[in-house]
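Annotated features in TrEMBL:
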| type | residues | note |
| --- | --- | --- |
| DOMAIN | 11-63 | domain 'Homeobox' |
| DNA_BIND | 13-64 | DNA-binding region |
Amino acid sequence: MASNATGCLKLSEDQIKVLEENFNKVTKHPDGTTLMLIAAECGLSEEDTEKWFKQRNAKWRQAEGLPAELGSVLD
């Protein structure tokens, strides 16, 4: 499995591809139902999927020059 830059989650390249596609094309902040569907598509738990999105959001916000946490500035 490929290691990713977002912490200790060990994800396959296919899982990363699905997560990145959803992040870039669907939503950066999935609701419960969307999170469940993405997790099922990736074969991950909802908790791991939510953790990935939180870490990926922080990475994206940093790249955009925004604070790491969601605040008054909406993305």
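Cβ from N, Cα, C; glycine included.
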Report the mean pLDDT of the predicted model across the domain 'Homeobox' (11-63), rounded to a whole number.
95
Looking only at the DNA-binding region (13-64), how are its residues distributed among DSSP helix, strand and coil?
43 helix, 0 strand, 9 coil
